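A.B. asks: Right, I'll just put the structure down here and ask away after.
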Amino acid sequence: MLLLTLASHSSLQILHGAKREGFETGIVVNGKREGFYRRFSFIDNFYVYSSEDEAVEKINGTSNSVFVPHGSLIEYIGMERVSRIRTPIFGNRNLFPWESNQSKKMKLLELSNIKTPMKFENPEDVDRMVIVKLPGAKGGRGYFIGRNKQEVKEGIRRLQEKGLINNVEELIIQEYVIGIPMYFQFFYSPMLQRVEMTGIDIRYETNVDGLRRLPSDIKAEPTFVVAGNIPAVARESILPSVYEYAENFVKTTKNVVPPGAIGPFCLESIVTDTLDVVVFEFSGRIVAGTNLYVDGSPYSWLYWDEPMSVGRRIGREINLAIQKNRLNEVTT
């Protein structure tokens with residue numbers, strides 16, 4: 001069987017893991033990036049495209065294959081084109097529209113009894129410091145902090161002038177929770193009927209993470225463009241509540257977006273000084289922070305006692321499904 005993915009985000013990890021699990025591998029790659037990916041011997045097949053429509057054709061042109069989505073898929077290819085993919089997709093493709101809509105994303109978290117930041121529908125209602133986010137997986141680009149409603153309205157006006165948004169309804173305006181970011185990575189296994197923690201990361205963002213190096217008298221507006229990731233482990237006392245969140249999330253998605261979460265997902269959180277975990281967003285697919293753990297994380301070793309990246313864990317789940325003749329339970 002062929003496992004393939006789009007060249008970006010976590011594609012190297014996905015295909016490296018697939019090869020470790022004995023699969024033939026394939027990458028759908030823009031011709032401008034082909035040379036880079038040719039450097040890696042674990043990629044068996046190259047499906048080179050020059051347009052997004054051609055990328056979908058390349059995916060659909062494969063046989064006996066499973067396509068593995070990642071966090072850049074919708075952003076690069078677009079929801080309408082992704083809906084035309086006929087090749088089986090690992091995970092729940094019905095979650096894609098929910099991930100692309102910030103209001104729906106927050107609704108799933110709230111239905112899961114997960115603690116979330118206060119949300120403001122209208123800039124006029126802002127009465128505290130907030131962070132304003134653009135829709136979709138833009139890697140933090142365009143996000144800004146507003147200390148009051150005047151700053152929020154001014155920031156929105158700048159986004160409109162730059163053509164980044166058409167109307168305010170596209171944005172999510174959230175209370176800015178004071179604490180440290182921790183991104184809790186999970187994997188739900190339909191084959192083993194369990195939620196596994198696969199790692200934790202912190203996003204390394206420019207320029208907010210560089211401002212601390214400046215003298216205090218130099219003022220600069222923070223931006224939140226993700227440039228990399230840093231590994232983390234959490235105090236063990238935090239983990240039970242985070243696991244409860246993850247299990248609640250899986251149960252909710254089964255009811256609201258059947259067949260529910262399958263495979264990797266991430267609860268993107270702030271941990272406060274009282275050790276409360278506040279989840280401000282989720283990712284329903286593999287996140288780039290898993291690239292830190294190509295040989296496994298401190299948590300994946302506790303389950304498998306062998307090197308187990310999330311890419312390899314995806315391959316392992318597909319292998320288990322094939323062995324049990326239940327591939328339809330991990331693909332949609």
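Glycine is no exception: its Cβ is also placed from the backbone N, Cα and C atoms.
Reproduced below are the annotations present in Swiss-Prot:
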BINDING   123-183, Glu205  ATP binding site
BINDING   Glu268, Glu281  Mg(2+) binding site
DOMAIN    93-323  domain 'ATP-grasp'
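How buried are these features, and what lies next to them?
C.D. replies: DSSP assigns Arg147 (ATP binding site) to coil, not to a helix or a strand.
For Glu281 (Mg(2+) binding site), other Cβ atoms within 10 Å of its Cβ number 19.
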A.B. asks: Rounded to a whole angstrom, what is the C-alpha distance between Ile131 (ATP binding site) and Glu281 (Mg(2+) binding site)?
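C.D. replies: With the alpha carbons as reference points, the distance is 12 Å.
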A.B. asks: Please work out the number of neighbouring Cβ atoms within 10 Å of the Cβ of Gly179 (ATP binding site), leaving out its own Cβ.
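C.D. replies: So the number of other Cβ atoms within 10 Å of Gly179 (ATP binding site) is 16.
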A.B. asks: Pick from Ile131, Arg147, Gly163, Leu171: which of these binding-site residues has the biggest number of other Cβ atoms within 10 Å of its Cβ?
C.D. replies: Leu171
A.B. asks: Please report how many Å separate the Cα atom of Glu281 (Mg(2+) binding site) from that of Gly163 (ATP binding site), as a whole number.
C.D. replies: 24
A.B. asks: I need the CA-to-CA distance for Pro123 (ATP binding site) versus Glu268 (Mg(2+) binding site), whole Å please.
C.D. replies: 24
A.B. asks: Looking only at C-alpha atoms, tell me how far Gly179 (ATP binding site) is from Glu268 (Mg(2+) binding site), rounded to the nearest Å.
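C.D. replies: Checking the Cα atoms of Gly179 (ATP binding site) and Glu268 (Mg(2+) binding site) gives a distance of 13 Å.
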A.B. asks: I want to verify one value. Collapsing DSSP to three states, which class is Gly179 (ATP binding site)?
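C.D. replies: Note: Gly179 (ATP binding site) is coil by DSSP, not helix or strand.
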